[in-house]
Amino acid sequence: MYASQARITQSVYSEMEKIRHSALKHNEPAGIATALLYQSGWFVQWKEGPGPELLKIMDRVAGDSRHHDLRVVHRSRGPRMLAGPWSMAVVQCNETPADMEDRVRILKEQVDDGREFSPAAIWRRLSTPMEHPGAMRQEDPDAFQRVLVCSAAGTSSFDLVNWLGEHHETEVVHRRFAGAHALDVGTNYVDFEQGGRVLRVIAMARHGLSVPLTRAFMSDYSHFVLLLSVDGDRNLELMERVLRAYSTLSHPPVIVGVASMPEMHTLPNTLARRFRIPYQLAIADSREWESSWHAIEPLLACWQQAANSSNVGDSLRSALGAQ
Ligand SMILES: Cc1cc2nc3c(=O)[nH]c(=O)nc-3n(C[C@H](O)[C@H](O)[C@H](O)COP(=O)(O)O)c2cc1C
């Protein structure tokens, strides 16, 4: 993973499209997957694949005049985390390039000092840093709880996060990203302190579950909250998306289903159990965010254990095919 200062004259989107075109042409045959972020005048790129091929493409990319001041912030060997050739994010926010540069510099210093971060943690530190004072007081500011929320129908996950922002009088951060062919995916998140710990709750549109970058972050969540619908078909569709996104994970997040009637949980619960994914029931109307949160919140407490609770591994993979 590297960060570099962009030097682009055209619109960011058209440059990203051109880069995507080159990447799909050259990277895919070489077995390389990548995620590219543009934010506040900086690129951040995550690349993974066989070493020699990756270094060859990096040589070319490093000489590209559309960026300069390239700084490698992470290098490691390990299993693939990006489940597809291309993901991208263009983030519009009020930060200046100097804000980004500060983050890159601090991170690079820590990495050079021997601190180890996962690729997901590096990406998060640069793009969506945790700035809540409660996390800064922790020994490891990265050790905060992350909870993902999706709704089976409508936009109740976003309503819930917006309500949490109002309730805690804190800013809701909006981000957009995309896969190789998928539409733009929106996410909103909010950071706050509750029950003696710092939480980040992230709402994501359902189709975001198929974007490789979001899948790479899946193991980072302790819980995945599903706001279920009265329409069972919608719940089944959402569960199928969740199971696909889980198929490459060894430690998937615990699922918390939210629905007002116990029988609405039967299908998602049965599916989850079949693949040894822990499923917890929150009994509340998923369209009412305040009561939903009151039902969800107590279930999130054992988050450190939850984050490493099970190993779905092969059974899911063979049932669904790793996609
Ligand atoms: C930030 C950034 C990231 C890039 N990432 C890739 C990449 O992953 N793969 C790739 O082939 N080209 C990438 N490029 C483009 C290459 O530098 C180069 O322009 C391209 O590979 C040339 O091939 P083409 O003329 O066949 O498109 C990137 C460029 C920039 C500025």
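Even glycines carry a Cβ here, placed using N, Cα and C.
Taken verbatim from TrEMBL:
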DOMAIN    1-89  domain 'BLUF'
Which numbers of helix, strand and coil residues does DSSP report for the domain 'BLUF' (1-89)? 27 helix, 29 strand, 33 coil
Taking all residues of the domain 'BLUF' (1-89) together, what is their mean pLDDT? 94
